[in-house]
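Here's what Swiss-Prot has on this protein:
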REGION    1-82  region 'Domain I, interacts with DnaA modulators'
REGION    82-114  region 'Domain II'
REGION    85-112  region 'Disordered'
REGION    115-331  region 'Domain III, AAA+ region'
BINDING   GLY159, GLY161, LYS162, THR163  ATP binding site
REGION    332-451  region 'Domain IV, binds dsDNA'
Amino acid sequence: MENSLWKQCLRRLEQEIPDQQLNTWIRPLQAQEEEDRLRLLAPNRFVLDWVKAHFADRITELLSAQRPDRPPRLELQIGSSAVVAPPRRRQVSVTTPSPSAAADQTPATRSAASNLNSNFTFDTFVEGKSNQLARAASMQVVENPGTAYNPLFLYGGVGLGKTHLMHAVGNAMLRRRPEARVLYLHSERFVADMVKALQHNAINEFKRHYRMVDALLIDDIQFFARKERSQEEFFHTFNALLEGEQQVIMTCDRYPKEVNGLEERLKSRFGWGLTVAIEPPELETRVAILMSKALQEGVDLPHEVAFFIAKRIRSNIRELEGALRRVVANAQFTGQEITVEFTKEALRDLLALQDKLVTIDNIQKTVAEYYKIRVADLLSKRRSRSITRPRQMAMALAKELTSHSLPEIGDAFGGRDHTTVLHACRKVESLCAEDSRIEEDYSNLLRTLST
């Protein structure tokens with residue numbers, strides 16, 4: 001039976017929801033259509049709960065718009081349908097690849113002239129709230145190089161996708177104009193090339209090399225700190241490129257003005273274009289990243305496993321993908337199915353280390369310092385808003401970042417009942433949805449505790 005209702009809904013949702021969210025939550029749903037209802041079957045409890053919480057209302061609206069006289073009833077269940085089975089992905093092979101075969105697959109395909117990694121594209125970049133602006137700005141640079149945002153400055157912690165985005169811009173530029181001169185390099189390479197040019201009395205050739213490009217993509221500019229001659233040369237190169245409307249993209253591990261040992265004139269010029277932060281990915285994006293990576297590798301990763309890994313690994317994408325590689329490798333070597341229990345065992349030492357690093361005591365100290373109150377205030381019976389709100393934040397963070405039960409968390413906060421902790425978690429969730437300042441506070445605390 002053709003699911004015309006669901007197909008129409010899906011077409012609308014495809015216009016409204018980013019691809020990674022569609023692939024993670026919507027496309028796994030299987031539809032069963034009857035006269036007065038549309039039943040959507042989710043592959044597991046995680047997908048079911050997420051769809052109910054985030055998409056059910058919108059799907060109901062779309063159904064009502066299609067049949068305003070007799071709106072079909074939406075039903076969400078766990079199950080599967082042989083009629084609308086999703087395409088299967090390859091299962092994890094239990095055969096250990098030979099070292100030579102593995103070596104052939106490991107190096108990324110690169111362009112010798114540009115140093116670009118052709119695997120880093122916009123298609124393989126998973127978009128989320130944490131990197132949405134950075135991706136949009138990068139796309140604009142591709143559309144209008146040298147004029148839209150010049151320079152484009154991306155900053156954020158290690159392993160958050162800054163380099164991926166920079167390569168994606170370069171690759172997209174070359175697809176549009178294969179003759180374009182796009183050069184990617186690490187700032188350390190710029191310094192090394194300059195030193196070599198000085199040693200061989202070839203500084204003019206060095207200048208021509210870096211100033212005759214259409215786009216210069218330079219990674220980790222914090223490496224220039226306290227290197228006065230390198231900063232001097234880059235300053236003039238930077239000016240020459242901007243005067244010629246040649247695109248400059250830079251990355252850094254922190255906001256440019258926070259880089260000690262970097263000349264003020266450079267910091268000032270870096271702010272001429274657009275400066276964008278990339279934050280650690282939120283839970284939904286982390287799940288999408290894992291599912292996307294598994295799909296690229298041809299691995300059938302259950303949603304509940306992706307959800308488990310994403311809940312426990314929060315710091316950056318590099319560690320997230322590293323955890324996935326470890327789980328997949330263990331499955332290959334042992335021939336076992338990837339389940340949540342198998343994943344817990346495969347990541348046992350990693351999770352144990354994380355549990356040691358993030359404790360309720362650490363959370364209480366961090367929250368107290370953030371709100372400029374005492375830890376004793378968090379544990380007290382005081383109920384003023386200046387104390388209650390930080391206490392609720394700390395309880396919610398303890399629930400998210402540790403494996404302690406609600407009663408254990410309540411006990412650590414002055415012997416409170418588990419229902420108090422549950423209320424605090426729900427309160428923080430609703431406040432974050434309503435107040436962007438509280439959401440920012442929570443994100444800041446989460447980032448501090450996770451890195």
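A Cβ is built for glycine as well, from the same backbone N, Cα and C atoms used for every other residue.
Overlay of Swiss-Prot feature records on the structure.
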{"residue": "GLY159", "record": "ATP binding site", "Cβ neighbours (10 Å)": "17"}
{"residue": "GLY161", "record": "ATP binding site", "Cβ neighbours (10 Å)": "26"}
{"residue": "LYS162", "record": "ATP binding site", "Cβ neighbours (10 Å)": "25"}
{"residue": "THR163", "record": "ATP binding site", "Cβ neighbours (10 Å)": "18"}
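Secondary structure of the region 'Domain I, interacts with DnaA modulators' (1-82) per DSSP, as helix, strand and coil residue counts: 42 helix, 16 strand, 24 coil. If you take every residue in the region 'Domain II' (82-114) and average the pLDDT, you get 39.
Summarised by DSSP class, the composition of the region 'Domain IV, binds dsDNA' (332-451) is 93 helix, 0 strand, 27 coil.
The ATP site is defined by GLY159, GLY161, LYS162, THR163, and by the 8 Å test on Cβ atoms against their centroid, the other residues of the chain that qualify are GLY156, VAL158, LEU160, HIS164, LEU165, THR251, ILE278, ILE317, ARG318.
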